[in-house]
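What follows is a set of notes on a single structure, which appears directly below.
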Amino acid sequence: MSPCARPAVSQRLQGLEHHVDTHNHSSVEEFALQSFSEEPGLRGLFLVLFLLLFLGALAGNTLIVTAISLHPGLHTPMYFFLTNLAVLDIVCTSTVLPKLLENLVVKGGTISYQGCMTQLFFLTWFLGAELLLLTVMAYDRCVAICRPLHYSSRMGRPVRVLLAGSVWAVSAVSTSVHTGLMTRLTFCGPNQIQHFLCEVPTLLLLSCSPTTLNNVMIVVADVYFGVVNFLLTMASYGCIIASILRMRSAAGKQRAFSTCSSHLLVVTLYYSTVIYTYILPGSGSSLENGKVVAVLYTAVSPTLNPLIYSLRNKDVKVALRKVFS
């Protein structure tokens, strides 16, 4: 080889090495998840607490589904949607809590890139579906109280199956868009997620690629799932309250309010936590507060929902007694 050719070959080899090095560091194969608590003395306490919440959510929602399925008197639109809510709570908490428990047992827990995208897909799917389902449940109560004579025709089996199917399908399309856009981003390090789960806001902070399109789609999703559905839910409850105030019978008012108070409590708890996480991600709140809020909608809310609906509903109490007997 001539001396004149050696510099050219050397430059090519350096360029090839640079290309290989860039390729090796252009994608992250796994992410490091934070534990819920880094204090060794508290990890055991949180492990027991979250394990009880996980088992409570699974047992409570499974009982709700079983009781409604086995009791013919509960085969109505309201309990059909309640069954969908219980199923969503089961799958939502099963998406997050097993990994959270693992990270409390094993310090320095990690999650693979594929595992993170999978968790992101299902968590976003179930959270969006639950927001839509709460809006549908509010509409169901609005028709039942404000238009009782037309309730059977407006909320017949084909209609409620269509509404429930739309809830799952629309949210699935939304999460497919978000997850697809996320997989197009490049994560070249660092790989430390400032959370104990994979969520859109925390993952975008680690991206080395432009996230403009992701942020635009987040705003669109926030407006639809958060603002529009919240306004529709409040509109339904506005009609419900107006109808209750027009009732002359005190017993009728009490019965109408009892059927809606449980759902209103669940709506308040769920919207407050999701809005804090997805609509106000840059409000300056601490990371620890974000972890607590995430626990509320992935663990506490799925555990409390069966208690809220069963303790305030005589029909569900009767059905649960039959299950245990």
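Cβ coordinates come from backbone N, Cα and C, glycine included.
Keep in mind that TrEMBL annotations are predicted by a computer and have not been checked by a curator.
According to TrEMBL, the protein carries these features:
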type     : residues : note
DOMAIN   : 60-309   : domain 'G-protein coupled receptors family 1 profile'
TRANSMEM : 45-66    : transmembrane segment
TRANSMEM : 78-97    : transmembrane segment
TRANSMEM : 117-139  : transmembrane segment
TRANSMEM : 159-177  : transmembrane segment
TRANSMEM : 223-245  : transmembrane segment
TRANSMEM : 257-280  : transmembrane segment
TRANSMEM : 292-311  : transmembrane segment
CB contact flag for the transmembrane segment (45-66) and the transmembrane segment (117-139), at least three pairs under 8 A: no
Stretch with greatest number of CB pairs under 8 Å, the transmembrane segment (223-245) reference, 78-97, 117-139, 159-177 candidates: 117-139
Close approaches to the transmembrane segment (292-311) from elsewhere in its chain (Cβ under 8 angstroms; 6 or more beyond its ends): 36, 50, 53-54, 56-57, 60-61, 63-64, 82, 85-86, 89-90, 92-93, 95-97, 123, 127, 195-197, 199, 262, 265-266, 269-270, 273-274, 276-277, 317, 320
Remote residues contacting the transmembrane segment (117-139) - C-beta distance under 8 A, at least 6 residues beyond either end: 78, 81-82, 84-85, 88-89, 91-92, 95-96, 99, 111, 163-164, 166-168, 170-172, 174-176, 178-179, 182-183, 197-200, 203, 221, 225-226, 229, 232-233, 236-237, 263, 266-267, 270-271, 274, 297-298
Reported mean pLDDT - the domain 'G-protein coupled receptors family 1 profile' (60-309): 87
